[in-house]
2 protein chains.
Amino acid sequence: MNQVEWRTSLRLVGTVLKWLWVPFLLPLGIALYDGTAVTPFVLPMAGVVVAGEGLERLTTDTTFREREAFLMVAVIWLGVAVVGAVPFVVAGAGTLADPVNALFESMSGITTTGATVIIDFDAHSRAILMWRAVLQWLGGLGILVLATAVLSQLGVGGGNLMETESQTRDVTKLTPKISETAGLIWRLYLGLTGLQVTVLYGLHLGGFAPKMTLFDAVAHAFTTISTSGFSPRAASIAAFSPAVQWVIIPFMVIGATNFILIYFVSQGHFERLRDSEEFRFYLAILAFFTIAVAGILFLDGGPHTEPESVVRHSLFQVVSIVTTTGYASTDFNFWSSGAKHLLFVCMFVGGMAGSTTCSIKALRWLVVLKAFRRDLFVASNPRVVRPVRLSGSVVDEQTIRDIYAYALVSLLFFIGATIFVAVDASRGQLTVSEFEAMGAAAATFFNVGPAFGIAGPFESYEPFSRSTKLLMTFLMWIGRIEIIPVLVLLTPSFWRT
Amino acid sequence: MNQVEWRTSLRLVGTVLKWLWVPFLLPLGIALYDGTAVTPFVLPMAGVVVAGEGLERLTTDTTFREREAFLMVAVIWLGVAVVGAVPFVVAGAGTLADPVNALFESMSGITTTGATVIIDFDAHSRAILMWRAVLQWLGGLGILVLATAVLSQLGVGGGNLMETESQTRDVTKLTPKISETAGLIWRLYLGLTGLQVTVLYGLHLGGFAPKMTLFDAVAHAFTTISTSGFSPRAASIAAFSPAVQWVIIPFMVIGATNFILIYFVSQGHFERLRDSEEFRFYLAILAFFTIAVAGILFLDGGPHTEPESVVRHSLFQVVSIVTTTGYASTDFNFWSSGAKHLLFVCMFVGGMAGSTTCSIKALRWLVVLKAFRRDLFVASNPRVVRPVRLSGSVVDEQTIRDIYAYALVSLLFFIGATIFVAVDASRGQLTVSEFEAMGAAAATFFNVGPAFGIAGPFESYEPFSRSTKLLMTFLMWIGRIEIIPVLVLLTPSFWRT
Ligand SMILES: [K+]
Ligand SMILES: [K+]
């Protein structure tokens with residue numbers, strides 16, 4: 001074992017950074033069209049090219065093992081977050097002018113979290129609001145490539161299971177090179193984004209969505225397929241008609257569906273949907289929580305009165321939170337304690353592995369459920385050997401152990417973060433209830449976005465203390481890249497021989 | 001595989017029940033001496049003899065496998081809780097006259113939890129108050145026998161690890177029969193109880209503890225060694241002098257120390273303390289949390305002003321909660337949010353395996369820490385095989401997986417219970433903050449006893465709704481016998497062939 005070749009990692013980070021000037025073109029174009037400031041975009045465009053080229057020249061070494069991959073993943077997300085914050089600081093408008101806020105917003109963007117520190121949406125140019133959406137779209141694409149090409153190879157938190165269950169292995173046969181897999185996913189991602197823009201703007205042109213301008217259609221398509229949830233509107237999806245809300249629901253579901261599975265379905269292999277235990281489990285989760293929330297809202301007799309609106313808001317919010325999108329079709333702060341707690345539980349679930357979804361993910365919970373049921377069986381029948389099966393294949397015991405550990409460590413992080421937020425708030429002047437602290441900790445760590453009360457869907461994370469906001473920035477970072485790549489960096493042995 | 005021989009399980013429950021008339025003798029004697037009602041004790045004494053003899057005649061079958069053991073364990077704790085509630089209902093005094101309250105109090109007794117639904121301590125006879133202490137003392141003895149003789153054999157939540165680490169295997173060599181191990185532990189338990197009675201009453205006779213009567217000395221010795229925490233005083237240990245508080249601390253520490261280890265130390269093998277990684281970890285936990293709490297209280301500048309009282313209360317409360325005793329030397333409800341949250345974290349820890357302590361236990365956390373550190377190492381060095389070692393021996397991977405699963409399932413139960421308590425309270429008229437719900441859920445599930453706010457050390461669980469109190473009774477039951485024996489009963493396969 002040799003030392004980690006950090007130069008190799010940084011060289012690859014450089015290759016990513018170097019091309020980061022391209023996505024700045026969209027907000028730059030809007031700024032030129034609107035006649036608003038262009039420096040917030042031109043400056044970082046120049047910066048990333050220089051920095052990227054510089055990092056690429058660090059080394060010619062091509063050693064690339066697990067350690068270099070972990071370091072690269074951690075640094076890319078952190079680096080892009082820093083670059084993404086530059087336009088906010090340079091534009092200098094509203095709460096985003098503060099560097100801590102800007103970094104929070106940018107990290108919330110690239111990690112597809114969707115928690116915002118904006119208070120006054122009107123203070124910001126359309127170009128800046130579009131930059132937030134672009135960051136999330138990039139973050140979604142980045143995680144897809146990461147999940148299918150890198151994390152599954154590294155076996156993070158049972159990631160090798162994704163190899164079989166998510167059918168990554170099948171696609172690896174189709175496209176033996178990582179670059180080909182990435183290309184396939186990238187075209188699918190682009191296609192789905194285009195489809196949603198068309199549908200949303202079509203609704204507008206058809207008169208079903210008066211407020212859904214082309215700008216809004218693009219921004220929302222960017223932040224739906226990436227299950228990320230930034231909206232240029234302060235009222236999120238509640239700003240739009242019920243038709244828009246109904247249309248966004250299936251796109252959120254698709255964003256949190258395994259993209260390899262979507263690819264096969266797009267090729268006409270519908271039987272893959274039925275064959276995937278994870279997909280059936282994911283749909284069952286959505287159905288279960290929607291029925292439970294709708295049942296509670298009906299029994300509560302409020303705040304929604306029409307049956308259609310109870311069903312729509314229940315389905316929308318459950319899908320929004322399980323997929324970790326974080327859009328709001330209504331201010332669920334006004335829902336009863338039971339309904340809010342159900343949404344809180346949804347934060348821990350997440351959609352399918354191999355998608356843009358965040359959180360612990362349905363695949364891991366399915367393995368936990370099956371393995372624990374097996375463990376109970378073996379406890380009373382210790383002489384029986386019973387493997388855990390998923391979609392017909394045996395899940396190996398080391399994968400099960402890794403998944404138990406991943407879920408456990410996630411919960412411990414969540415508990416620790418909750419305590420930090422609650423205690424830090426109590427030391428300041430901010431009134432944050434324990435439930436609000438729990439919600440805000442889960443919403444940032446699991447990259448959901450909005451939570452409850454002070455961190456509610458129409459509120460802002462701005463009032464939290466700077467230390468809390470920095471903690472949350474850290475939580476969004478490690479939550480998005482599945483914890484392990486960051487924790488590995490924190491072990492001394494990583495840096496030694 | 002044949003069906004579970006439930007008659008065999010019940011026959012053994014009968015054997016335990018049959019002898020349950022003996023511990024009633026102490027409160028009966030006090031009732032006779034004080035001239036208070038004796039029916040609350042005579043009635044169940046007759047009842048257990050009849051029921052026990054009856055159950056023993058159910059079968060002559062002696063098949064005794066894992067399934068029969070799980071069923072027996074679950075039914076014994078539940079059965080004794082029901083029997084233990086009879087005196088409270090028959091006495092009919094105060095809040096304990098209500099059957100739900102009586103069952104809660106009795107379950108809290110036999111599970112060594114120490115959460116009380118008493119509001120007016122003066123409403124109850126000394127005999128009834130002593131019965132609460134006797135229940136806890138029995139519960140502590142029961143769990144010791146269960147932990148060393150049964151659970152470790154069943155491998156519950158990594159229980160087979162206890163075989164090696166807790167040196168149960170060594171003692172099995174000394175005493176090949178379960179009855180001999182039980183006898184050894186029983187004498188040690190009795191000896192330590194006697195020692196504490198002597199010390200406490202000695203303090204009284206020496207003038208250092210004016211209120212520590214012989215009655216109090218016996219009741220508190222019963223509930224210290226069993227790390228259970230019922231006090232006949234409404235103010236718990238705050239009712240006594242600092243000298244008493246200092247003396248109780250080491251006895252709580254001993255109560256949560258592995259009894260096999262204590263046995264070897266009592267035989268002069270002090271090197272065993274040094275050789276046990278778990279013991280060193282347990283002491284390190286106590287030191288860490290004490291220093292952290294004391295540091296916060298010093299910085300807060302209140303509510304304690306004297307350095308001695310800051311140190312004493314910090315140490316007392318940390319020891320009380322980590323060992324899951326649950327005594328209070330002060331009303332820590334008045335502590336700051338940071339200090340209270342630290343105590344909250346202590347609830348999840350627990351003392352050493354093979355003691356009377358509850359909660360997840362230091363042994364499991366030590367394995368989680370070591371295994372997760374190993375997992376991180378292997379993530380960046382996948383070609384290196386590195387086993388997890390404890391006190392020099394390799395921990396097998398299946399044990400690690402079971403321990404991960406146990407900790408995970410414990411946290412999930414805790415989260416589920418918190419939500420139940422919070423939502424159930426919001427539906428009633430009771431104001432329960434989320435932190436209070438979290439505390440009450442953890443304090444009952446992990447058998448600590450008191451928590452925060454409405455469930456604080458000088459408060460009562462009585463105001464909670466009946467549904468919440470029944471849930472908590474269930475939580476105390478499954479928490480005490482380490483979850484698995486109850487969950488196993490809930491799987492259909494347990495009852496089938
Ligand atoms: K999100
Ligand atoms: K206790």
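Note that Cβ sites are derived from N, Cα and C of the backbone, with glycine treated the same way.
Lifted from TrEMBL, the feature list:
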type	residues	note
TRANSMEM	B:12-32	transmembrane segment
TRANSMEM	B:38-58	transmembrane segment
TRANSMEM	B:70-90	transmembrane segment
TRANSMEM	B:133-156	transmembrane segment
TRANSMEM	B:184-202	transmembrane segment
TRANSMEM	B:243-265	transmembrane segment
TRANSMEM	B:281-299	transmembrane segment
TRANSMEM	B:342-367	transmembrane segment
TRANSMEM	B:403-423	transmembrane segment
TRANSMEM	B:435-454	transmembrane segment
TRANSMEM	B:474-495	transmembrane segment
Would the transmembrane segment (B:70-90) count as touching the transmembrane segment (B:281-299), if touching means at least three Cβ pairs under 8 Å and pairs must be 6 or more apart in sequence?
no
What else in the chain is close to the transmembrane segment (B:342-367), if you only count residues 6 or more beyond its ends and a Cβ gap under 8 Å?
111-113, 140, 143-144, 147-148, 152, 157-158, 161-162, 165-166, 168, 225-228, 253, 255-261, 277-279, 281-282, 285, 289, 292-293, 296, 317-318, 321-324, 332, 335, 388, 390, 395, 399-400, 403, 406-407, 410, 414, 435, 438-439, 442-443, 446-448, 451-452, 479-480
Within the same chain, where does the transmembrane segment (B:403-423) have neighbours whose Cβ lies under 8 angstroms from its own Cβ atoms, ignoring anything closer than 6 residues to its ends? I mean 6 or more beyond.
156-158, 161, 348, 360, 364-365, 367-368, 371, 432, 434, 437-438, 440-442, 444-446, 464, 468, 471-472, 475, 478, 482-484, 487
Compare B:12-32, B:38-58, B:243-265, B:435-454 by their Cβ pairs under 8 Å to the transmembrane segment (B:474-495) and return the stretch that comes out on top.
B:435-454
Intrachain neighbours beyond the transmembrane segment (B:12-32), with Cβ under 8 angstroms and 6 or more residues off its ends
38, 40-42, 44-46, 48-49, 51-58, 64, 68, 72, 75-76, 79-80, 83, 87, 125-128, 130-131, 134, 137-138, 215
Folded-back contacts onto the transmembrane segment (B:243-265), same chain, C-beta under 8 angstroms, at least six residues removed:
140, 144, 148, 166-168, 170-171, 184-185, 188-189, 192, 196, 199-200, 203, 208-209, 212, 220-221, 224-227, 237, 272-273, 276, 278-279, 282, 286, 312, 315-316, 319-320, 322-325, 327, 329, 350-357
